[in-house]
Amino acid sequence: MADEDEALENKTVLVRSGSHMYDELRSFRTWFKWMCVDQSSPSSACLSWFVFSLLTVVVPWLSHYLLACSECDADHIRTYDCVTQLSMSSVAALSFICLSRFNKKYGLRRFLFLDKLCDESETVRNCYTQQLNRSTKILFFFVLPCFVAESTYKIWWYSSGGTQIPFLGNVIACILELSSWFYRTVVFFLVCVLFRLICYLQILRLQDFAQVLFHVDSDVESVLREHLRIRRHLRIISHRFRVFILWTLIFITASLFASLLLTTRPNADLRIYKSGELALCSVSLLAGLMILLRSATRITHKAQSVTCLAAKWHACATIDSYHWAENEFPPAAHRVDCNNGYNGSSDAEDVGDEEDELDNTKFVPSYAYSTISFQKRQALVTYFENNRAGVTIYGFMLDRTSLHTIFGIELTLMLWLLGKTVGVS
């Protein structure tokens, strides 16, 4: 009976969120269909896999083996084409497989947590809707500059005699290569932007959680329930994206070290005609990786800031209660004076926009702890200290310490490789 009630409640939630977010989600699905990554029906799934096989496998393979142009001059020989094609295709294949799995298993609405928005505050819903509308702009902000540079290079290469095929064949080959590059780049950045969008929703929830902590009617149980709900969503995000983030890091690391190995050879030709496409590929992959790591570390930092916020909340309540007991001041009068003394406008102007509901140096409002005992507050702070939330990859927390570790490992490998090639130690 309880399972039936829960299923009925979930069904109601889906209907409510569908009517609220329908227009925004329809435009997003239109973009999915235009990029041939929508697999909501058998026909669209077949079309999606056909386009993926054509633009990710067939076209790069034909381009590398049939248009190698070994008899061309030095400016048209594509020395680094193999590394470029393998890097782009491997990352695009990983992105497409993960995106197909997400779309098939969860559906777009559930994958973007739109079915849970009806449980959130109006501020969270509005901000998430705005960010959802901005996602396409963010995607093209990263893709279009690289695509313009790639188009310029390909047009020059084909128009200046890079191949011996007829003019019409040159046009078709150029269009196919540009379509393949654009498709692979967009699929990769699409998953990165979706991950950023989902992380942004959790940041909005954490900021709203700070308001729940300070609410006049809040108690320890309600605060704990809300935090457990946020932790569950973060665990779901970690479980869904851990394979993609881990293998993206491995593929991009391998691609960059292969590029470094080729470009540090004694006879390596690093002119823009030869190595420009390889550099453009590396920049695109690094930009996507930075989106993933920045989004993950940012949400982890915000989630762990809850511990500091709860400790400050507990300290303010304890200090205020001792002042009232020792000095016998009326609670309201003393608390108002305390808050005014530490929340000056001059300090706020010096800080600027760096503070928010989670990271700030303001005193906690007095009404936020007026009815909660010391033991309950201490138990809640202890719980936060021993249950840190965030995005994890198979148990490893993606925070700033993890970024330092990744940077140290990459730097060590790079110095080792440079020591083997150009003698740097």
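Just so it is clear, glycine is given a Cβ too, placed from its N, Cα and C backbone atoms.
Annotated features in TrEMBL:
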- 45-63: transmembrane segment (TRANSMEM)
- 83-102: transmembrane segment (TRANSMEM)
- 138-158: transmembrane segment (TRANSMEM)
- 181-201: transmembrane segment (TRANSMEM)
- 241-263: transmembrane segment (TRANSMEM)
- 275-293: transmembrane segment (TRANSMEM)
**OP:** With the transmembrane segment (83-102) as the reference, find which of 45-63, 138-158, 181-201, 241-263, 275-293 contributes the most Cβ pairs under 8 Å.
**Re:** 241-263
Original post:
Against which stretches of its own chain does the transmembrane segment (275-293) lie, if we need a Cβ under 8 Å and a gap of at least six residues from its ends?
Top reply: 78-81, 83-84, 87-88, 91, 142, 146, 149-150, 153, 185, 188-189, 192-193, 195-196, 245, 248-249, 252, 255-256, 259, 262-263, 269, 398, 403, 406
Subject >> Cβ contacts under 8 Å made by the transmembrane segment (138-158) with residues that lie 6+ beyond its boundaries >> reply: 76, 170-171, 173-174, 177-178, 181-182, 185-186, 189-190, 193, 196, 276-277, 280, 283-284, 287-288, 291
